[in-house]
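Worksheet: one structure, shown below.
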DNA sequence: AGCACGCCGACT
DNA sequence: GTCGGCGTGCTC
């Protein structure tokens, strides 16, 4: 029998990032298992913490001073051995704490909720009355002032107050009282017949129950209450005819009743792809496929059919979709094929709803999981296929710790289950496409559109001419004419404003002064609706100045282009047009995104104006015009992926036009009409773009030819951040071979965020076996030797280079 | 993270 | 002299 449990405690710090041994008390000896949460005392104050049991072991003589597990939180493991394993793999590969990884893998409600309570032991102690008033206990949190806190400490030291730590489990299982029918219809009928006449209500109840047994064995008390009072039910329970108990109800967000839809007939290319994937999943072969298919080539149908095949082999399927593409339309299609076996995980669900879906998956009730990035951790077992749609999407990479890429996690999990992974995209990331080239992934191509419709015609509009014509507007004549035509024909238009690295800010026309955030080194963004300036990094907000703070000139006004400004301009040009604006401001509220899309889909508006978020997934037959107002704001950014992003965005947005039987047209306004990313997007020529871009990456020694890792140092004082970065460089250099390329240290493009300065080093390398252990060591030691103010963050394969 | 221990400055 | 400032180190 095991007597010791290895526990990862809920303290995210380098020094505690290791298992701690705890004795398993006799009473819990048969209960405690790896993958469970437990409560343990930790540290000098012996505060109670939640921890995860990651291993059990036996020590003949336990070292003295071992604390014992106080209690278990779960009665059975909430993490399978596979997911437990995944947490340590994640911690190692992303340089994150294991506790952070464990919490990332699980739904948010499973995180411990801590409370520190002060109990008054000697009620007549001086100072106590002022703090406790008439109460015996007091929660200690940051509501208390510093003075109150010091008083509490004094009271504690004198023994008048005792601290207690409590851990609350936020994971509430919702229950409702229900009547359980534990007799057959015949028994109820018979029982009803034998009842004396005066028991009218009992008789009626039993007769009613007899009619229900065929349908269900559980009826919520609430639904019965309309016809039968609580006392009637109580009597029936006393006679052992029913039992009344709280049954678990899972909050389910089901779409409107949908009928199961049959498979579609496949084109030859689709059939070939399905056959290849089916063969791999049936053979339980670990193989990564790259499914490269133009918009409208029926990738989704390939996903659905291959998932169906996996289900027939009693295995499960996981489908990842970018958050932004997780539209009701998309989810509906999966429901229509798999019905109730589907679980959906996305950010629109409440914490409780997420927990319920998680439990449905864990219990094996859901065999197909559809979700965004974090759904890659779905507690599925026996996975037979993992699909990642729009695999090039940068939202698959988590920006904060653990800085994982869902693609890597998917492939890691697939290796465990010996199952294939399908990466799908019309514009694969260079990394994936290059791996397909090398034969690491198997390339499957869908070059034809299902409806045989031609891809929309793309017009490149040279905005430099617009300037020469002195049209000081964001709309070129050709795009404006195209919109006019659509309005006349009662067709819809989608206009996209590329906001990457771009926003409207306030600048003085006389002295050039730009209003900046006092905490961060970036200009504030103008928000017309709230008449204020906001910082997009820290949330700082201030009123729009009437005069320039620098030179007192009154000529201080906005500069640049925001959706709000474009909307005003559009409304001015087309007073009769109905416009829907979609950006972070109008879609912040829950369900707003869906509501706006629905309105547009119903034809309630003529023009949909939005940012990148409208480039994906939406599929409306009446849209025949797509306009990109500024195609190349991203091209100017100092990021080697700028061309790739521009190409992907333009290709994707172009796919929004002409989804129905009407022909679509696309206008791309740009100041770089000859740029290859724009020219090749016009021709819908991914393969040519891939070849061109690979060449450039090769010359610049960039991914996918090189691996990259970014090490950033931040500190409230700029010279300290810089100093740390240079020390980092000194430690890195001896461990690296001559082939590695080190960039920096350099201040970040936005050097200061939330009053912290950032310096970064980027290492480009092909094979550096000493690098990973060194980075792990750097994290260990920096926490000790530097001041507490210093943060070191390591990001493998960062997507954001600035 | 949070707590204790420990070593220095301005108060009863 | 001591109360309390925060710098350092440890938590099974």
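Backbone N, Cα and C atoms are what each Cβ position is placed from, and that goes for glycine too.
Unlike curated records, TrEMBL annotations are generated automatically.
Regional average pLDDT for the domain 'Helicase ATP-binding' (A:280-446) in the model is 94. Taken from TrEMBL, the feature domain 'Helicase ATP-binding' covers A:280-446.
Around residue A:548 (Zn(2+) 1 binding site), taking its Cβ as the centre, 21 other Cβ atoms fall within 10 Å, counting all chains. Taken from TrEMBL, the feature Zn(2+) 1 binding site applies to A:508, A:511, A:548, A:551.
Annotation note: residue A:517 (Zn(2+) 2 binding site) sits in a coil segment as assigned by DSSP. Residues annotated as Zn(2+) 2 binding site in TrEMBL: A:517, A:520, A:535, A:538.
Per TrEMBL, the feature domain 'Helicase C-terminal' maps to A:543-697.
Compared over the binding-site residues A:517, A:535, A:551, the count of CB atoms lying within 10 A of a residue's CB peaks at A:517. Looking at A:508, A:511, the binding-site residues in this record, the fewest other C-beta atoms within 10 angstroms of the C-beta turn up around A:511.
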